[in-house]
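Here is the structure we will look at.
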Ligand SMILES: CC(=O)N[C@H]1[C@@H](OP(=O)(O)OP(=O)(O)OC[C@H]2O[C@@H](n3ccc(=O)[nH]c3=O)[C@H](O)[C@@H]2O)O[C@H](CO)[C@@H](O)[C@@H]1O[C@H](C)C(=O)N[C@@H](C)C(=O)N[C@H](CCC(=O)O)C(=O)O
């Protein structure tokens with residue numbers, strides 16, 4: 001794939017629509033004259049405004065978008081949408097539309113501006129705590145092998161056909177999401193795969209979007225700072241599986257949350273499972289696992305079956321692949337066509353998802369974006385299963401995010417890794433020493449756990465590489481493919497991939 005510079009993903013040629021019609025269609029309360037005003041885009045970010053845009057000034061946790069309305073107008077915004085608090089701050093010559101909840105209305109307005117309801121490619125949505133990005137990449141790869149022009153939106157990258165763009169949020173704000181979908185359509189995409197975070201569902205980022213098939217990977221401890229309890233986190237995920245949002249769904253029932261989702265949803269559901277076969281429509285049976293590939297058979301209750309070999313390590317990757325395959329089955333693709341698409345080869349490197357950065361010599365070194373206890377557990381078990389030598393783990397816990405998972409992360413490291421290097425990972429505004437201490441308290445509970453504390457991260461990966469034998473495996477969890485780290489509000493350039501490669505070269509292992 002060609003790599004392109006990041007830019008605002010929106011149509012390049014967007015026919016304008018009349019603001020007066022928008023006001024009529026949505027029965028909006030407008031201050032100023034909408035007649036003769038033409039709208040060709042919409043955004044919530046003042047620095048993304050293009051001439052002809054509506055700037056939607058949202059209230060936020062840090063600031064109010066209305067503060068930036070003058071810059072937006074300067075950049076060519078033709079109207080402002082905001083709430084009452086925002087409108088009270090404005091003194092502009094362009095029309096101002098006031099809504100009680102502009103964030104909730106954003107998707108509907110963006111869909112109107114970009115006409116996404118009429119032009120959207122077929123949309124597949126993937127949610128769950130872990131495995132979303134991998135599943136999305138695998139599904140995109142299969143759709144391409146099936147002959148589709150595709151689009152992809154994930155935490156790691158966004159794709160439009162062969163073009164690759166960087167990501168910020170996992171699921172963009174509704175205005176940027178509709179713009180991106182319209183651009184995908186403009187570029188000829190007939191199918192698009194979108195990773196859908198819980199935050200996106202809760203914060204109205206997917207309003208005005210309707211998925212053909214939605215898929216659920218799993219639910220485990222993460223984001224409890226946002227949701228307070230697993231129950232609340234689950235309810236948000238369940239909200240994606242409703243008739244307004246999706247035609248049908250595929251759910252992994254290997255977690256109790258998946259089982260509950262399958263029971264409580266109101267859309268038609270197909271279930272699959274690795275270890276609760278008796279309860280699922282499809283079963284995943286793994287029959288070979290090496291450090292290079294995993295083979296499994298996916299068998300339906302009706303005896304349809306597919307044999308699959310994937311260039312990935314671990315049962316969780318077999319589960320993710322099964323989800324991608326079953327989303328296609330649910331969408332009506334024939335098993336033969338899917339089998340052919342698999343045989344054409346699944347893209348084998350997913351950025352930052354157990355991505356190998358070492359060469360053929362020396363220890364295998366992977367970087368991985370996993371930052372939840374469950375992600376650690378799945379990946380460590382997979383690596384232990386296929387690694388000849390020891391599994392050495394490097395990780396930290398991110399600051400200003402769910403603190404309750406840190407000791408758990410430590411316990412899992414102590415239980416499953418042969419050796420752990422505890423370090424930093426995006427401390428943000430927290431004290432990194434205190435974060436490490438919370439992890440160390442968990443790890444210290446495990447009898448016989450071997451570990452050291454090393455900071456900063458570049459020293460930690462070196463400490464791991466120095467201790468590794470040729471047959472060992474090192475996995476560095478957290479940063480994955482991301483090329484910066486967040487310290488005290490500043491994004492510093494930092495690449496785990498490059499640091500790991502450098503450490504290998506310094507230790508005499510050509511990467
Ligand atoms: C909790 C959350 O989702 N916050 C998001 C939210 O912030 P906020 O509402 O507090 O906004 P704010 O920063 O106070 O700004 C208010 C408004 O002013 C606008 N503004 C602000 C400054 C300026 O110069 N110009 C301007 O127009 C902003 O665009 C915004 O609309 O709106 C901002 C603008 O879109 C987002 O950047 C911000 O995401 C923050 C960075 C974030 O970390 N979000 C995480 C929690 C998140 O959403 N994560 C999930 C993935 C989780 C996973 O997969 O594990 C995701 O989908 O990415």
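Including glycine, each Cβ sits where the backbone N, Cα and C put it.
For reference, TrEMBL has these:
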{"type": "DOMAIN", "residues": "38-110", "note": "domain 'Mur ligase N-terminal catalytic'"}
{"type": "DOMAIN", "residues": "126-327", "note": "domain 'Mur ligase central'"}
{"type": "BINDING", "residues": "128, 129, 130, 131, 132, 133, 134", "note": "ATP binding site"}
{"type": "MOD_RES", "residues": "237", "note": "N6-carboxylysine"}
{"type": "DOMAIN", "residues": "352-479", "note": "domain 'Mur ligase C-terminal'"}
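The number of other CB atoms found within 10 A of the CB of residue 133 (ATP binding site), across every protein chain shown, is 25. In sequence order, 217, 218, 219, 220, 221, 222, 223, 372, 374, 375 are the residues of the chain that are 6 or more apart from residue 129 (ATP binding site) and have a CB within less than 8 Å of its CB.
Taken through DSSP, the domain 'Mur ligase N-terminal catalytic' (38-110) splits into 27 helix, 19 strand, 27 coil. Secondary structure of the domain 'Mur ligase C-terminal' (352-479), assigned with DSSP and counted as helix (H, G, I), strand (E, B) and coil, comes to 49 helix, 27 strand, 52 coil. Close to the recorded ATP site, the chain also has 126, 135, 217, 218, 320: residues not among 128, 129, 130, 131, 132, 133, 134 whose Cβ is within 8 Å of the site's Cβ mean position. Taking the C-alpha positions, the distance from residue 128 (ATP binding site) to the residue listed as 'N6-carboxylysine' comes to 7 Å. Neighbour list (residue 131 (ATP binding site), Cβ cut-off 8 Å, at least 6 residues apart, same chain): 217, 218, 316, 319, 320, 323. Sequence-distant neighbours of residue 132 (ATP binding site) (same chain, 6+ apart, CB under 8 A from its CB) are 126, 154, 155, 170, 195, 196, 197, 217. Summarised as a single figure, the pLDDT of the domain 'Mur ligase N-terminal catalytic' (38-110) averages 97. Residue 134 (ATP binding site) sits 18 Å from the residue listed as 'N6-carboxylysine', taking the CA atoms of both as reference points.
Counting in whole angstrom, residue 133 (ATP binding site) lies 16 from residue 237 (N6-carboxylysine) by their C-alpha atoms.
In the three-state DSSP scheme, residue 134 (ATP binding site) falls into the helix class.
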